[in-house]
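Below is one structure; the comments refer to it alone.
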Amino acid sequence: MADMSNGEQGCGSPLELFHSIAAQGELVRDLKARNAAKDEIDSAVKMLLSLKTSYKAATGEDYKVDCPPGDPAPESGEGLDATEADEDFVDPWTVQTSSAKGIDYDKLIVRFGSSKIDKELVNRIERATGQRPHRFLRRGIFFSHRDMHQILDAYENKKPFYLYTGRGPSSEAMHVGHLIPFIFTKWLQDVFNVPLVIQMTDDEKYLWKDLTLDQAYGYAVENAKDIIACGFDINKTFIFSDLDYMGMSPGFYKNVVKIQKHVTFNQVKGIFGFTDSDCIGKISFPAIQAAPSFSNSFPQIFRDRTDVQCLIPCAIDQDPYFRMTRDVAPRIGYPKPALLHSTFFPALQGAQTKMSASDPNSSIFLTDTAKQIKTKVNKHAFSGGRDTVEEHRQFGGNCDVDVSFMYLTFFLEDDDKLEQIRRDYTSGAMLTGELKKELIEVLQPLIAEHQARRKEVTDEIVKEFMTPRKLSYDFQ
(Lines of atoms letter the chains of each structure in order from A; the text may use other names.)
(Lines give C-alpha, C1' and ligand atoms only; values in the text may rest on other atoms or scores of the structure.)
Protein backbone atom coordinates (compact mmCIF):
# COMPACT_ATOMS: atom_id res chain seq x y z
CA MET A 1 0.00 0.00 0.00
CA ALA A 2 1.40 3.39 -0.99
CA ASP A 3 2.13 5.84 1.82
CA MET A 4 -0.72 8.36 1.88
CA SER A 5 0.10 10.04 5.19
CA ASN A 6 0.98 13.34 3.52
CA GLY A 7 -2.65 13.78 2.51
CA GLU A 8 -4.95 15.28 5.09
CA GLN A 9 -2.97 16.49 8.11
CA GLY A 10 0.31 17.58 6.50
CA CYS A 11 -1.10 20.14 4.06
CA GLY A 12 -2.43 23.27 5.69
CA SER A 13 -2.24 26.10 3.18
CA PRO A 14 -4.18 26.20 -0.10
CA LEU A 15 -0.89 26.19 -2.04
CA GLU A 16 0.32 23.08 -0.18
CA LEU A 17 -3.02 21.41 -0.89
CA PHE A 18 -2.72 22.37 -4.55
CA HIS A 19 0.69 20.69 -4.87
CA SER A 20 -0.49 17.65 -2.89
CA ILE A 21 -3.42 17.17 -5.29
CA ALA A 22 -1.07 17.30 -8.27
CA ALA A 23 1.24 14.74 -6.65
CA GLN A 24 -1.66 12.49 -5.68
CA GLY A 25 -3.02 12.65 -9.24
CA GLU A 26 0.36 11.49 -10.51
CA LEU A 27 0.29 8.64 -7.98
CA VAL A 28 -3.15 7.51 -9.19
CA ARG A 29 -1.97 7.49 -12.79
CA ASP A 30 1.20 5.61 -11.85
CA LEU A 31 -0.73 2.95 -9.90
CA LYS A 32 -3.06 2.37 -12.85
CA ALA A 33 -0.13 2.20 -15.26
CA ARG A 34 1.54 -0.43 -13.04
CA ASN A 35 -1.68 -2.47 -12.79
CA ALA A 36 -1.64 -2.12 -9.01
CA ALA A 37 -4.22 -3.90 -6.87
CA LYS A 38 -7.74 -2.46 -7.11
CA ASP A 39 -7.91 -1.64 -3.38
CA GLU A 40 -4.63 0.27 -3.66
CA ILE A 41 -5.94 2.30 -6.61
CA ASP A 42 -9.27 2.91 -4.86
CA SER A 43 -7.47 4.10 -1.73
CA ALA A 44 -5.34 6.51 -3.77
CA VAL A 45 -8.40 7.86 -5.61
CA LYS A 46 -10.26 8.35 -2.32
CA MET A 47 -7.30 10.32 -0.97
CA LEU A 48 -7.27 12.42 -4.15
CA LEU A 49 -10.96 13.22 -3.76
CA SER A 50 -10.44 14.03 -0.07
CA LEU A 51 -7.66 16.46 -0.94
CA LYS A 52 -9.83 18.18 -3.54
CA THR A 53 -12.65 18.49 -1.01
CA SER A 54 -10.21 20.08 1.48
CA TYR A 55 -8.95 22.41 -1.25
CA LYS A 56 -12.46 23.57 -2.10
CA ALA A 57 -13.24 24.11 1.58
CA ALA A 58 -10.08 26.20 1.96
CA THR A 59 -10.40 28.25 -1.24
CA GLY A 60 -14.09 28.17 -2.12
CA GLU A 61 -13.15 27.01 -5.63
CA ASP A 62 -12.71 23.70 -7.41
CA TYR A 63 -9.16 22.53 -8.03
CA LYS A 64 -7.95 23.33 -11.56
CA VAL A 65 -4.76 22.11 -13.21
CA ASP A 66 -2.05 24.74 -13.74
CA CYS A 67 -4.10 27.26 -11.78
CA PRO A 68 -2.65 27.66 -8.25
CA PRO A 69 -4.83 29.40 -5.64
CA GLY A 70 -5.00 33.10 -6.36
CA ASP A 71 -4.33 32.71 -10.11
CA PRO A 72 -7.16 33.25 -12.62
CA ALA A 73 -8.66 30.08 -14.04
CA PRO A 74 -7.80 29.10 -17.62
CA GLU A 75 -10.34 30.38 -20.13
CA SER A 76 -10.84 26.97 -21.70
CA GLY A 77 -11.00 23.45 -20.33
CA GLU A 78 -7.73 22.55 -22.04
CA GLY A 79 -5.42 20.64 -19.75
CA LEU A 80 -8.16 19.39 -17.46
CA ASP A 81 -8.78 15.69 -17.11
CA ALA A 82 -11.54 13.74 -15.42
CA THR A 83 -9.49 13.46 -12.23
CA GLU A 84 -8.77 17.14 -11.91
CA ALA A 85 -11.75 18.94 -13.44
CA ASP A 86 -14.18 18.19 -10.63
CA GLU A 87 -14.77 15.78 -7.76
CA ASP A 88 -15.95 12.80 -9.85
CA PHE A 89 -13.55 10.23 -11.30
CA VAL A 90 -15.05 8.03 -14.02
CA ASP A 91 -13.33 5.76 -16.50
CA PRO A 92 -14.00 2.17 -17.67
CA TRP A 93 -12.13 0.75 -14.67
CA THR A 94 -12.64 3.17 -11.76
CA VAL A 95 -15.66 5.10 -10.47
CA GLN A 96 -15.21 7.38 -7.44
CA THR A 97 -16.80 10.53 -6.04
CA SER A 98 -16.56 12.41 -2.77
CA SER A 99 -20.32 13.07 -2.71
CA ALA A 100 -22.52 10.79 -0.60
CA LYS A 101 -25.24 11.34 -3.21
CA GLY A 102 -23.04 9.72 -5.85
CA ILE A 103 -21.85 10.90 -9.25
CA ASP A 104 -23.20 14.20 -10.59
CA TYR A 105 -24.69 12.79 -13.80
CA ASP A 106 -25.68 16.18 -15.21
CA LYS A 107 -22.00 17.18 -15.13
CA LEU A 108 -21.08 13.84 -16.69
CA ILE A 109 -23.47 14.48 -19.60
CA VAL A 110 -21.74 17.80 -20.24
CA ARG A 111 -18.27 16.27 -19.93
CA PHE A 112 -19.03 13.34 -22.24
CA GLY A 113 -21.11 15.38 -24.68
CA SER A 114 -24.14 13.07 -24.63
CA SER A 115 -27.83 14.04 -24.42
CA LYS A 116 -30.16 13.76 -21.44
CA ILE A 117 -33.04 11.29 -21.67
CA ASP A 118 -35.89 13.71 -21.08
CA LYS A 119 -39.62 13.19 -20.64
CA GLU A 120 -40.21 13.82 -24.35
CA LEU A 121 -37.92 10.93 -25.34
CA VAL A 122 -39.46 8.59 -22.76
CA ASN A 123 -42.92 9.44 -24.10
CA ARG A 124 -41.75 8.83 -27.66
CA ILE A 125 -40.44 5.38 -26.71
CA GLU A 126 -43.83 4.63 -25.16
CA ARG A 127 -45.68 5.76 -28.29
CA ALA A 128 -43.40 3.79 -30.61
CA THR A 129 -43.57 0.53 -28.66
CA GLY A 130 -47.07 0.77 -27.23
CA GLN A 131 -45.58 -0.34 -23.92
CA ARG A 132 -45.24 1.41 -20.58
CA PRO A 133 -41.64 2.63 -20.20
CA HIS A 134 -39.41 0.43 -18.06
CA ARG A 135 -38.89 1.64 -14.50
CA PHE A 136 -35.24 2.34 -15.39
CA LEU A 137 -36.49 4.94 -17.88
CA ARG A 138 -39.26 6.26 -15.63
CA ARG A 139 -36.79 6.85 -12.78
CA GLY A 140 -33.82 8.19 -14.70
CA ILE A 141 -31.61 5.14 -14.12
CA PHE A 142 -30.99 5.16 -17.86
CA PHE A 143 -30.40 8.90 -18.07
CA SER A 144 -28.32 9.70 -21.13
CA HIS A 145 -28.25 8.77 -24.80
CA ARG A 146 -26.61 9.22 -28.15
CA ASP A 147 -28.86 9.17 -31.25
CA MET A 148 -31.82 7.34 -29.68
CA HIS A 149 -34.12 9.46 -31.83
CA GLN A 150 -32.43 7.96 -34.92
CA ILE A 151 -33.22 4.46 -33.63
CA LEU A 152 -36.86 5.43 -33.12
CA ASP A 153 -36.98 6.97 -36.60
CA ALA A 154 -35.70 3.67 -38.02
CA TYR A 155 -38.18 1.62 -36.00
CA GLU A 156 -41.13 3.79 -36.99
CA ASN A 157 -40.09 3.50 -40.65
CA LYS A 158 -39.81 -0.31 -40.44
CA LYS A 159 -36.03 -0.21 -40.80
CA PRO A 160 -34.04 -2.79 -38.82
CA PHE A 161 -31.65 -2.23 -35.94
CA TYR A 162 -30.06 -4.54 -33.41
CA LEU A 163 -28.96 -4.48 -29.78
CA TYR A 164 -25.42 -4.96 -28.49
CA THR A 165 -24.29 -5.15 -24.88
CA GLY A 166 -21.59 -7.04 -23.03
CA ARG A 167 -19.97 -8.33 -19.91
CA GLY A 168 -16.35 -8.48 -18.74
CA PRO A 169 -16.18 -11.87 -16.97
CA SER A 170 -13.69 -11.26 -14.16
CA SER A 171 -15.17 -13.74 -11.66
CA GLU A 172 -17.45 -16.76 -11.58
CA ALA A 173 -20.16 -15.01 -9.55
CA MET A 174 -21.95 -11.88 -10.74
CA HIS A 175 -23.56 -9.36 -8.39
CA VAL A 176 -26.93 -7.63 -8.63
CA GLY A 177 -25.37 -4.52 -10.16
CA HIS A 178 -24.29 -6.60 -13.14
CA LEU A 179 -27.94 -7.39 -13.85
CA ILE A 180 -28.92 -3.78 -14.59
CA PRO A 181 -27.91 -3.60 -18.29
CA PHE A 182 -29.25 -7.10 -18.94
CA ILE A 183 -32.62 -6.47 -17.29
CA PHE A 184 -33.04 -3.37 -19.43
CA THR A 185 -31.68 -4.98 -22.60
CA LYS A 186 -34.17 -7.83 -22.23
CA TRP A 187 -36.98 -5.28 -22.02
CA LEU A 188 -35.67 -3.54 -25.15
CA GLN A 189 -35.50 -6.87 -26.99
CA ASP A 190 -39.06 -7.68 -25.97
CA VAL A 191 -40.68 -4.34 -26.84
CA PHE A 192 -38.80 -3.73 -30.11
CA ASN A 193 -38.62 -7.42 -31.12
CA VAL A 194 -35.03 -7.15 -32.41
CA PRO A 195 -31.94 -9.37 -32.34
CA LEU A 196 -29.24 -9.00 -29.73
CA VAL A 197 -25.51 -9.76 -29.57
CA ILE A 198 -23.77 -10.05 -26.20
CA GLN A 199 -19.99 -9.81 -26.11
CA MET A 200 -18.10 -11.64 -23.33
CA THR A 201 -14.75 -9.84 -23.16
CA ASP A 202 -12.74 -12.71 -21.70
CA ASP A 203 -9.73 -11.49 -23.69
CA GLU A 204 -9.92 -8.14 -21.89
CA LYS A 205 -9.98 -9.80 -18.48
CA TYR A 206 -7.00 -11.97 -19.41
CA LEU A 207 -5.07 -8.82 -20.34
CA TRP A 208 -6.06 -6.80 -17.25
CA LYS A 209 -6.30 -9.47 -14.54
CA ASP A 210 -4.08 -12.22 -13.18
CA LEU A 211 -6.00 -14.96 -15.01
CA THR A 212 -5.11 -17.78 -17.35
CA LEU A 213 -6.84 -17.98 -20.72
CA ASP A 214 -8.76 -21.04 -19.55
CA GLN A 215 -9.94 -19.23 -16.40
CA ALA A 216 -11.10 -16.20 -18.40
CA TYR A 217 -13.02 -18.37 -20.85
CA GLY A 218 -14.50 -20.42 -18.00
CA TYR A 219 -15.77 -17.25 -16.33
CA ALA A 220 -17.33 -16.21 -19.65
CA VAL A 221 -19.30 -19.45 -19.86
CA GLU A 222 -20.41 -19.27 -16.21
CA ASN A 223 -21.44 -15.62 -16.56
CA ALA A 224 -23.34 -16.50 -19.73
CA LYS A 225 -25.55 -18.78 -17.61
CA ASP A 226 -26.52 -15.84 -15.40
CA ILE A 227 -27.18 -13.70 -18.47
CA ILE A 228 -29.33 -16.38 -20.09
CA ALA A 229 -31.27 -16.65 -16.81
CA CYS A 230 -32.45 -13.06 -17.37
CA GLY A 231 -34.84 -14.49 -19.96
CA PHE A 232 -33.41 -13.57 -23.36
CA ASP A 233 -35.03 -15.06 -26.46
CA ILE A 234 -32.76 -17.87 -27.68
CA ASN A 235 -34.04 -17.35 -31.23
CA LYS A 236 -32.96 -13.71 -31.26
CA THR A 237 -29.82 -13.72 -29.07
CA PHE A 238 -26.18 -14.56 -29.83
CA ILE A 239 -23.72 -14.62 -26.92
CA PHE A 240 -20.06 -14.88 -27.87
CA SER A 241 -16.66 -15.16 -26.20
CA ASP A 242 -14.01 -13.00 -27.83
CA LEU A 243 -11.45 -15.76 -27.33
CA ASP A 244 -13.74 -18.15 -29.17
CA TYR A 245 -15.44 -16.03 -31.84
CA MET A 246 -12.45 -14.04 -33.08
CA GLY A 247 -10.84 -17.15 -34.53
CA MET A 248 -13.91 -18.30 -36.43
CA SER A 249 -15.21 -15.02 -37.88
CA PRO A 250 -13.12 -13.33 -40.59
CA GLY A 251 -15.75 -10.58 -40.84
CA PHE A 252 -15.37 -9.71 -37.16
CA TYR A 253 -11.57 -9.67 -37.34
CA LYS A 254 -11.57 -7.57 -40.51
CA ASN A 255 -13.60 -4.91 -38.70
CA VAL A 256 -11.19 -5.03 -35.74
CA VAL A 257 -8.29 -4.36 -38.13
CA LYS A 258 -10.18 -1.53 -39.89
CA ILE A 259 -10.78 0.16 -36.54
CA GLN A 260 -7.18 -0.35 -35.44
CA LYS A 261 -5.93 1.33 -38.62
CA HIS A 262 -8.02 4.45 -37.99
CA VAL A 263 -7.19 5.02 -34.30
CA THR A 264 -3.70 6.17 -33.33
CA PHE A 265 -1.75 5.18 -30.23
CA ASN A 266 -1.88 8.82 -29.16
CA GLN A 267 -5.68 8.77 -29.37
CA VAL A 268 -6.11 5.67 -27.20
CA LYS A 269 -3.67 7.09 -24.67
CA GLY A 270 -5.78 10.22 -24.48
CA ILE A 271 -9.09 8.36 -24.30
CA PHE A 272 -8.18 5.53 -21.93
CA GLY A 273 -5.12 6.77 -20.06
CA PHE A 274 -2.82 4.04 -21.36
CA THR A 275 0.90 4.51 -20.76
CA ASP A 276 4.08 3.30 -22.41
CA SER A 277 4.29 0.48 -19.87
CA ASP A 278 0.90 -1.04 -20.81
CA CYS A 279 1.03 -4.22 -22.87
CA ILE A 280 0.13 -3.93 -26.55
CA GLY A 281 -2.93 -6.12 -25.97
CA LYS A 282 -4.51 -3.36 -23.88
CA ILE A 283 -3.72 -0.75 -26.52
CA SER A 284 -5.49 -2.74 -29.23
CA PHE A 285 -8.40 -4.05 -27.14
CA PRO A 286 -10.76 -1.05 -27.64
CA ALA A 287 -11.06 -2.01 -31.32
CA ILE A 288 -12.36 -5.44 -30.26
CA GLN A 289 -15.06 -3.90 -28.05
CA ALA A 290 -15.96 -1.54 -30.91
CA ALA A 291 -16.30 -4.21 -33.63
CA PRO A 292 -19.71 -5.63 -32.54
CA SER A 293 -21.16 -2.16 -33.24
CA PHE A 294 -21.04 -2.98 -36.95
CA SER A 295 -23.51 -5.46 -38.41
CA ASN A 296 -21.15 -7.21 -40.82
CA SER A 297 -19.16 -8.45 -37.83
CA PHE A 298 -21.95 -11.07 -37.67
CA PRO A 299 -22.47 -12.38 -41.23
CA GLN A 300 -24.44 -15.36 -39.95
CA ILE A 301 -27.08 -12.88 -38.69
CA PHE A 302 -26.86 -9.92 -41.07
CA ARG A 303 -25.26 -11.53 -44.14
CA ASP A 304 -23.12 -8.85 -45.80
CA ARG A 305 -25.21 -5.86 -44.74
CA THR A 306 -23.23 -2.95 -43.35
CA ASP A 307 -26.12 -0.51 -42.88
CA VAL A 308 -27.97 -2.01 -39.89
CA GLN A 309 -27.61 0.42 -37.00
CA CYS A 310 -26.73 -0.77 -33.51
CA LEU A 311 -28.17 0.34 -30.14
CA ILE A 312 -25.92 -0.20 -27.12
CA PRO A 313 -27.35 -0.14 -23.57
CA CYS A 314 -24.45 0.19 -21.12
CA ALA A 315 -23.23 1.96 -18.00
CA ILE A 316 -21.87 5.45 -18.62
CA ASP A 317 -18.30 4.38 -17.78
CA GLN A 318 -18.20 2.38 -21.03
CA ASP A 319 -18.91 5.47 -23.13
CA PRO A 320 -15.22 6.19 -23.95
CA TYR A 321 -15.09 2.98 -26.00
CA PHE A 322 -18.07 4.03 -28.05
CA ARG A 323 -17.09 7.68 -28.47
CA MET A 324 -14.04 6.24 -30.20
CA THR A 325 -16.28 3.87 -32.20
CA ARG A 326 -18.61 6.67 -33.30
CA ASP A 327 -15.62 8.74 -34.42
CA VAL A 328 -14.27 5.87 -36.55
CA ALA A 329 -17.58 4.60 -38.00
CA PRO A 330 -18.13 7.12 -40.83
CA ARG A 331 -14.47 6.83 -41.87
CA ILE A 332 -14.87 3.11 -42.54
CA GLY A 333 -18.32 3.40 -44.10
CA TYR A 334 -20.57 2.30 -41.23
CA PRO A 335 -23.41 3.98 -39.28
CA LYS A 336 -22.56 5.29 -35.84
CA PRO A 337 -23.89 3.13 -32.99
CA ALA A 338 -26.55 4.71 -30.76
CA LEU A 339 -26.24 4.42 -26.98
CA LEU A 340 -28.35 4.41 -23.83
CA HIS A 341 -26.35 5.10 -20.66
CA SER A 342 -27.21 3.95 -17.15
CA THR A 343 -26.16 5.29 -13.79
CA PHE A 344 -23.89 3.20 -11.57
CA PHE A 345 -25.22 0.68 -9.10
CA PRO A 346 -23.78 1.85 -5.76
CA ALA A 347 -21.77 -0.23 -3.32
CA LEU A 348 -23.49 -1.18 -0.08
CA GLN A 349 -21.22 1.22 1.80
CA GLY A 350 -22.41 4.22 -0.21
CA ALA A 351 -22.75 5.84 -3.62
CA GLN A 352 -19.18 7.17 -3.67
CA THR A 353 -18.25 4.11 -5.73
CA LYS A 354 -19.99 1.39 -7.71
CA MET A 355 -20.58 -2.14 -6.48
CA SER A 356 -17.52 -4.33 -7.04
CA ALA A 357 -17.24 -8.11 -7.28
CA SER A 358 -13.76 -7.89 -5.72
CA ASP A 359 -15.19 -6.73 -2.36
CA PRO A 360 -17.67 -9.28 -0.97
CA ASN A 361 -18.91 -6.86 1.68
CA SER A 362 -19.74 -4.19 -0.91
CA SER A 363 -21.80 -6.54 -3.05
CA ILE A 364 -24.95 -8.64 -3.11
CA PHE A 365 -24.02 -11.65 -5.24
CA LEU A 366 -26.41 -13.66 -7.36
CA THR A 367 -25.21 -16.72 -5.40
CA ASP A 368 -26.05 -15.24 -1.97
CA THR A 369 -28.53 -17.00 0.28
CA ALA A 370 -31.54 -15.24 1.80
CA LYS A 371 -29.66 -15.13 5.12
CA GLN A 372 -26.55 -13.61 3.52
CA ILE A 373 -28.66 -10.95 1.79
CA LYS A 374 -30.34 -10.01 5.06
CA THR A 375 -27.03 -9.84 6.91
CA LYS A 376 -25.30 -7.75 4.25
CA VAL A 377 -28.14 -5.24 4.00
CA ASN A 378 -28.55 -4.89 7.76
CA LYS A 379 -24.82 -4.73 8.48
CA HIS A 380 -23.31 -2.90 5.51
CA ALA A 381 -25.97 -0.84 3.67
CA PHE A 382 -25.18 2.83 4.23
CA SER A 383 -28.04 4.62 5.96
CA GLY A 384 -29.45 8.08 5.47
CA GLY A 385 -31.08 7.87 8.88
CA ARG A 386 -30.32 9.91 11.99
CA ASP A 387 -28.12 8.91 14.91
CA THR A 388 -31.03 8.28 17.28
CA VAL A 389 -34.64 7.23 16.88
CA GLU A 390 -35.74 10.51 18.44
CA GLU A 391 -33.76 12.59 15.94
CA HIS A 392 -34.97 10.45 13.06
CA ARG A 393 -38.61 10.85 14.08
CA GLN A 394 -38.11 14.61 14.34
CA PHE A 395 -35.95 15.33 11.29
CA GLY A 396 -36.49 12.31 9.03
CA GLY A 397 -34.03 10.38 6.87
CA ASN A 398 -32.18 11.35 3.70
CA CYS A 399 -33.19 9.20 0.72
CA ASP A 400 -30.57 10.89 -1.47
CA VAL A 401 -27.74 9.09 0.35
CA ASP A 402 -29.53 6.01 1.72
CA VAL A 403 -28.33 2.91 -0.16
CA SER A 404 -31.38 0.81 0.72
CA PHE A 405 -33.65 3.39 -0.88
CA MET A 406 -31.34 3.65 -3.90
CA TYR A 407 -31.58 -0.12 -4.40
CA LEU A 408 -35.37 0.03 -4.18
CA THR A 409 -35.39 2.56 -7.03
CA PHE A 410 -33.69 -0.12 -9.15
CA PHE A 411 -35.73 -3.15 -8.14
CA LEU A 412 -39.13 -2.16 -6.71
CA GLU A 413 -41.57 -2.06 -9.64
CA ASP A 414 -44.46 -0.29 -7.87
CA ASP A 415 -44.03 3.48 -8.33
CA ASP A 416 -46.71 4.36 -5.79
CA LYS A 417 -45.16 2.16 -3.10
CA LEU A 418 -41.71 3.59 -3.78
CA GLU A 419 -43.05 7.13 -3.42
CA GLN A 420 -44.83 6.20 -0.18
CA ILE A 421 -41.58 4.76 1.21
CA ARG A 422 -39.76 7.94 0.21
CA ARG A 423 -42.33 10.13 1.98
CA ASP A 424 -42.40 7.96 5.10
CA TYR A 425 -38.62 7.79 5.41
CA THR A 426 -38.12 11.49 4.70
CA SER A 427 -40.74 12.45 7.28
CA GLY A 428 -39.36 10.12 9.95
CA ALA A 429 -42.42 7.88 10.00
CA MET A 430 -40.27 4.99 8.69
CA LEU A 431 -37.08 4.02 10.51
CA THR A 432 -33.87 2.76 8.90
CA GLY A 433 -34.48 -0.80 10.04
CA GLU A 434 -37.94 -0.74 8.46
CA LEU A 435 -36.52 0.61 5.19
CA LYS A 436 -33.89 -2.13 5.12
CA LYS A 437 -36.61 -4.70 5.75
CA GLU A 438 -38.47 -3.41 2.67
CA LEU A 439 -35.32 -3.86 0.58
CA ILE A 440 -34.62 -7.34 1.94
CA GLU A 441 -38.16 -8.41 1.05
CA VAL A 442 -37.54 -7.26 -2.55
CA LEU A 443 -34.02 -8.67 -2.98
CA GLN A 444 -34.53 -12.12 -1.46
CA PRO A 445 -37.21 -13.32 -3.91
CA LEU A 446 -35.56 -11.55 -6.85
CA ILE A 447 -32.29 -13.43 -6.31
CA ALA A 448 -33.98 -16.71 -5.39
CA GLU A 449 -35.99 -16.60 -8.63
CA HIS A 450 -32.84 -15.83 -10.59
CA GLN A 451 -31.06 -18.78 -9.00
CA ALA A 452 -33.96 -21.07 -9.91
CA ARG A 453 -33.87 -19.92 -13.54
CA ARG A 454 -30.10 -20.36 -13.67
CA LYS A 455 -30.37 -23.97 -12.52
CA GLU A 456 -32.45 -24.64 -15.63
CA VAL A 457 -29.68 -23.34 -17.93
CA THR A 458 -27.91 -26.48 -19.13
CA ASP A 459 -24.58 -26.72 -20.94
CA GLU A 460 -26.55 -27.53 -24.09
CA ILE A 461 -28.55 -24.30 -23.78
CA VAL A 462 -25.36 -22.30 -23.28
CA LYS A 463 -23.82 -23.94 -26.35
CA GLU A 464 -26.86 -23.04 -28.45
CA PHE A 465 -26.78 -19.39 -27.35
CA MET A 466 -23.02 -19.24 -28.08
CA THR A 467 -23.11 -20.95 -31.48
CA PRO A 468 -22.86 -18.56 -34.48
CA ARG A 469 -26.11 -19.00 -36.39
CA LYS A 470 -28.92 -17.26 -38.21
CA LEU A 471 -31.37 -15.61 -35.82
CA SER A 472 -35.13 -15.40 -36.24
CA TYR A 473 -35.21 -12.03 -37.92
CA ASP A 474 -35.49 -11.17 -41.61
CA PHE A 475 -33.06 -8.42 -42.65
CA GLN A 476 -33.90 -8.43 -46.35
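Using the three backbone atoms N, Cα and C, a Cβ is placed for every residue, glycine included.
The model shown is predicted, which means the values in this text are computed figures rather than measured ones.
Annotation source Swiss-Prot lists domain 'WHEP-TRS' at 13-69, citing sequence analysis.
Residues annotated as region 'Disordered' in Swiss-Prot: 63-83.
The annotation N6-succinyllysine is assigned in Swiss-Prot to Lys159. Its Cβ placed at the centre, Lys159 (N6-succinyllysine) has 12 other Cβ atoms within 10 Å.
The feature motif ''HIGH' region' is assigned by Swiss-Prot to 169-178. Secondary structure of the motif ''HIGH' region' (169-178), assigned with DSSP and counted as helix (H, G, I), strand (E, B) and coil, comes to 3 helix, 1 strand, 6 coil.
Swiss-Prot lists 354-358 with the feature motif ''KMSKS' region'.
Per Swiss-Prot, the feature phosphoserine maps to Ser356.
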DSSP-assigned states of the domain 'WHEP-TRS' (13-69) in counts, ordered helix, strand, coil: 42 helix, 0 strand, 15 coil
Beyond the flanks of the motif ''HIGH' region' (169-178) by at least 6 residues, Cβ under 8 Å: 200-202, 205, 209, 211, 216, 218-220, 222-223, 226, 344-345, 354-355, 357-358, 363-367, 407, 411, 443, 446-447
Model confidence over the motif ''KMSKS' region' (354-358) (mean pLDDT, whole number): 61
